Amino acid sequence: MVNTMKTKLLCVLLLCGAVFSLPRQETYRQLARGSRAYGVACKDEITQMTYRRQESWLRPEVRSKRVEHCQCDRGQARCHTVPVNSCSEPRCFNGGTCWQAVYFSDFVCQCPAGYTGKRCEVDTRATCYEGQGVTYRGTWSTAESRVECINWNSSLLTRRTYNGRMPDAFNLGLGNHNYCRNPNGAPKPWCYVIKAGKFTSESCSVPVCSKATCGLRKYKEPQLHSTGGLFTDITSHPWQAAIFAQNRRSSGERFLCGGILISSCWVLTAAHCFQESYLPDQLKVVLGRTYRVKPGEEEQTFKVKKYIVHKEFDDDTYNNDIALLQLKSDSPQCAQESDSVRAICLPEANLQLPDWTECELSGYGKHKSSSPFYSEQLKEGHVRLYPSSRCAPKFLFNKTVTNNMLCAGDTRSGEIYPNVHDACQGDSGGPLVCMNDNHMTLLGIISWGVGCGEKDVPGVYTKVTNYLGWIRDNMHL
């Protein structure tokens, strides 16, 4: 009888997991001077998240592949192991491993070193912010007055404009943490704090990063003119990429599209370049090349780990004409910065340059629409940003123009400037860049047009400011 009872007890422990109270869990009581305590909660020392009484969560065990189900009970987390399977779709960013609970609908991410958060979205090594800090995902949690920030998930913030339980909280960087964020485009990251017994928002003391090297170059004045633009050197456009694809029915490869280096391991391009489906290992990206097929002394070549085409790309209107390629490398860094290879700066979400601002495009495309071949040398063109009123169907032979597009064209004409600068076939996926704050900044991706170099007919580009969230989210997947 005793043996039977022991056997049953052992089965229960194996099936359900041994419930226990972790000594490292601490009771979390937040107090405001002169006010009442507003709730005892549990703080998970592994995930650094706080939970309300009776709230439950999953967490990965340290140094193992097991997962625990925890519940906050009177200030202590009571946990037991539960069975899990690999998630059916990617949910974790920055290389995290996703585990789906077998008996209930919840998942947990096992994060690599340097990342934490529900989806490994928090970068524990981020010590400063860039621009206004809209994309800051670090762990700074102190306001300028040295007061500790309040957790965005706190019930005290339920009626506040921004909190960790609002529908788009995750995209704004909000969640179960008290880290400084900038969900509303303020001048810098901020958080909610309690001062003199009252709630208020306050800017954080997180430092701004030193100015990045993105968008810098050693510009060489073009010496030779060509139909549709000017022959140039890669050092004038070090963010220019060339994408090649293997031939399907013969050996060798063919030039596919242009691309734009936006970080060490990521290249931005146009979605319509992949209307024919390719496997990632059928693609190659070349950086630092002045001549389309002739190798350069400082060029860098990469295989493609994966590529992501916007799910809502419309191959009829070319709406959402954007795609990302992740370069393959044996180390965390892919492209090595040099005079011939450098990332372009991405714009701030609210960047709006004046109408008719002069910008540049570059690519290895055809000289004109009737040309049988692509250009052998990289070319550049100088165009101006059109007002939205001129970026409309009636100026583009009644073709559809959406809010995700912008227009730019060469406004020079006449006998003095018979050569109208414009993008053409083969330039697709390449950059439209403009000077902003002394750095060249990406405004558009070469997408489509009516002919090439037609007088008073602008080229159409994917509007990059509309896709900053999409770019950030997919780079972290």
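Glycine too: its Cβ is placed from the backbone N, Cα and C atoms.
Taken from Swiss-Prot, the feature signal peptide applies to 1-36, supported by sequence analysis.
Taken from Swiss-Prot, the feature domain 'Fibronectin type-I' applies to 40-82.
Among the features that Swiss-Prot reports, disulfide bond is placed at CYS42-CYS72 (among others), with the record citing similarity to another entry. Secondary structure at CYS42 (disulfide bond), taken from DSSP and collapsed to helix, strand or coil, is strand.
Under DSSP, CYS79 (disulfide bond) is assigned to a strand (E or B) in the three-state scheme. Per Swiss-Prot, disulfide bond is recorded for CYS70-CYS79 (among others), and the stated evidence type is similarity to another entry.
Annotated domain 'EGF-like' per Swiss-Prot: 83-121, in sequence order.
Secondary structure at CYS98 (disulfide bond), as computed by DSSP, is strand. Within the same chain, residues at least 6 positions away in sequence whose Cβ sits under 8 Å from that of CYS98 (disulfide bond) are SER86, CYS87, PRO90, ARG91, CYS92, PHE107, VAL108, CYS109, GLN110. Residues or ranges marked as disulfide bond by Swiss-Prot: CYS87-CYS98 (among others).
In three-state terms derived from DSSP, CYS109 (disulfide bond) belongs to an extended strand segment. Look at Swiss-Prot and you will find CYS92-CYS109 (among others) tagged as disulfide bond, backed by similarity to another entry.
Look at Swiss-Prot and you will find CYS111-CYS120 (among others) tagged as disulfide bond, backed by similarity to another entry. A sphere of 10 angstroms centred on the C-beta of CYS111 (disulfide bond) encloses 23 other C-beta atoms.
Feature annotation from Swiss-Prot assigns domain 'Kringle' to 128-209.
Residues annotated as disulfide bond in Swiss-Prot, with similarity to another entry given as evidence: CYS128-CYS209 (among others). Cβ environment of CYS209 (disulfide bond): CYS128, TYR129, GLU130 lie under 8 Å away, each six or more residues apart in the same chain. According to its DSSP assignment, CYS209 (disulfide bond) is coil.
According to its DSSP assignment, CYS191 (disulfide bond) is in a strand. Taking Cβ-Cβ distances under 8 Å and a sequence separation of 6 or more, the neighbours of CYS191 (disulfide bond) in its chain are SER141, ALA143, CYS149, ILE150, TRP152, ASN178, TYR179, CYS180, ARG181, SER201, GLU202, CYS204. According to Swiss-Prot, the feature disulfide bond maps to CYS149-CYS191 (among others).
According to DSSP, ASN153 (N-linked glycosylation site) is assigned to coil rather than to any helix or strand. Under the heading N-linked glycosylation site, Swiss-Prot lists ASN153 (among others).
According to Swiss-Prot, the disulfide bond annotation covers CYS180-CYS204 (among others), on the basis of similarity to another entry. Around CYS204 (disulfide bond), taking its Cβ as the centre, 24 other Cβ atoms fall within 10 Å, counting all chains.
Residues or ranges marked as domain 'Peptidase S1' in Swiss-Prot: 226-476. If you take every residue in the domain 'Peptidase S1' (226-476) and average the pLDDT, you get 92.
What Swiss-Prot lists as disulfide bond is CYS257-CYS273 (among others). Over all protein chains present, the Cβ of CYS257 (disulfide bond) has 24 other Cβ atoms lying within 10 Å.
In three-state terms derived from DSSP, CYS334 (disulfide bond) belongs to neither a helical nor a strand segment and is classed as coil. Cβ neighbours within 10 Å of CYS334 (disulfide bond), excluding its own Cβ and spanning all shown chains: 21. Look at Swiss-Prot and you will find CYS265-CYS334 (among others) tagged as disulfide bond.
Same-chain neighbours of the domain 'EGF-like' (83-121): 47-49, 57-60, 65, 67, 69, 137, 139, 170, 173, 175-177, 473, 476-477, counting only residues six or more beyond its ends whose CB sits under 8 Å from a CB of the stretch.
Other C-beta atoms found within 10 angstroms of the C-beta of CYS70 (disulfide bond) number 24, with every protein chain shown included. DSSP classifies CYS92 (disulfide bond) as coil under the three-state reduction.
In this view, CYS424 (disulfide bond) is surrounded by 26 other Cβ atoms within 10 Å of its Cβ, with every protein chain counted. Recorded residues CYS111 (disulfide bond) and ASP321 (active site, charge relay system) have their alpha carbons 32 Å apart, per Cα-Cα distance. Nearest Cα neighbour of CYS257 (disulfide bond) among the listed active-site residues (HIS272, ASP321, SER428): SER428. Each residue contributes its Cα atom, and for ASN398 (N-linked glycosylation site) and ASP321 (active site, charge relay system) those atoms are 19 Å apart.
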